[in-house]
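Asks: From TrEMBL, here are the annotated features:
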TRANSMEM  70-90  transmembrane segment
TRANSMEM  110-128  transmembrane segment
TRANSMEM  135-152  transmembrane segment
TRANSMEM  172-193  transmembrane segment
TRANSMEM  205-221  transmembrane segment
TRANSMEM  227-243  transmembrane segment
TRANSMEM  250-268  transmembrane segment
TRANSMEM  274-292  transmembrane segment
Amino acid sequence: MNLEDRYRRLLAWYPKEHRASHEEEMVAVLLAAATPGRDRPSARETFDLLRGAFAIRLHRAVGPVSRRHWHAAFNLAALLAPIWLLILDLGRATAYAGHALRSANNGPEMALKTLAIALPYGVIAFLAWRNSRKVAAAVAWGWTVLYAGLVASPPDLGLSPIHVVWNGSTGFASVVRFVLPACLAAVMLTFTPSSGPAPLGTRRLVGWTAVLLASVVALQIPLPAASYLPLLVLAVAAVVAVCSPVGRRAVFIVLPLMGVTLGWLRWVEEPANLPVVAALSMAVLTVTAWLARTGTTASSPANV
């Protein structure tokens with residue numbers, strides 16, 4: 001690999017449109033300034049080229065065109081959040097129902113309680129789909145507070161399928177751990193400029209929701225491969241999403257919620273880690289919400 005090839009490898013960090021317009025000119029200038037006999041860029045040149053690439057990408061990430069994409073992505077993510085929590089709780093209710101059917105010792109109480117926990121997310125998702133952002137956010141916050149009370153209630157009251165054992169500060173941390181997903185969804189609905197299915201479109205939204213719900217319900221099928229179906233559907237949806245500017249941003253915005261519900265909860269079982277997870281999640285939502293609220297969008301369903 002000669003000096004020109006190494007310069008071009010560094011220039012690959014620049015956006016494709018920038019390279020199409022300026023790559024040849026930049027390579028010519030760099031080669032003209034290089035001392036004879038060199039076969040690799042200097043440390044200073046490497047730093048300057050990478051810094052320039054980062055600066056251009058950062059400028060585009062917060063520029064007017066990009067902010068329109070953030071606007072559409074945050075609107076979509078705020079709708080996806082309660083839908084995802086609804087699917088998770090419906091999946092748990094199905095699991096409890098399966099246990100009740102397979103064993104006479106297990107009654108339907110747990111399934112019914114979990115189903116009752118899931119229903120508010122359906123209401124919130126419907127309000128968000130109708131673009132009733134303020135009402136959806138108010139209901140989401142109200143449900144978050146109520147859910148915290150249910151989780152913290154004494155087990156003998158039988159108000160919730162989930163209970164925590166109060167043991168000093170760890171009891172409070174446990175409540176926050178279970179309520180954090182609902183809280184993140186409420187924050188997203190509060191920050192979103194205007195929730196709704198655009199640019200995904202209602203038909204595609206319903207289709208993906210049905211497929212994901214079916215994959216979660218299919219976990220009750222006694223087959224080894226069934227346990228991988230939800231992850232497979234999520235992976236396919238993510239691959240499809242990252243092919244568009246709005247989709248990539250929507251995936252990034254929902255990462256905190258997906259991480260909390262799919263894996264981070266195991267990590268935050270240690271109370272000391274919970275503030276870190278909450279702070280990182282809020283940082284992502286705050287920055288992306290600021291980008292979304294300073295942009296406007298006229299995206300169509302074809303853009304996702």
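Cβ atoms here come from the backbone N, Cα and C positions, even for glycine.
The model shown is predicted, which means the values in this text are computed figures rather than measured ones.
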Asks: Count the CB pairs under 8 A between the transmembrane segment (274-292) and each of 70-90, 135-152, 172-193, 205-221, 227-243, then give me the winner.
Replies: 172-193
Asks: Can you tell me which recorded stretch out of 70-90, 110-128, 135-152, 172-193, 205-221 has the most Cβ pairs within less than 8 Å of the transmembrane segment (227-243)?
Replies: 205-221
Asks: State, in range form, which of 70-90, 135-152, 172-193, 205-221 has the highest count of Cβ pairs under 8 Å to the transmembrane segment (110-128).
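Replies: The stretch with the most contacts is 70-90.
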Asks: Quick one: find which recorded stretch in 70-90, 135-152, 205-221 has the most Cβ pairs under 8 Å with the transmembrane segment (172-193).
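Replies: The stretch with the most contacts is 135-152.
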Asks: Counting only residues 6+ away from its ends, which parts of the chain sit with a Cβ under 8 Å from the transmembrane segment (135-152)?
Replies: 82, 117, 120-121, 123-124, 127-128, 159-160, 162-164, 166, 171, 175-176, 178-179, 182-183, 185-186, 189-190, 195
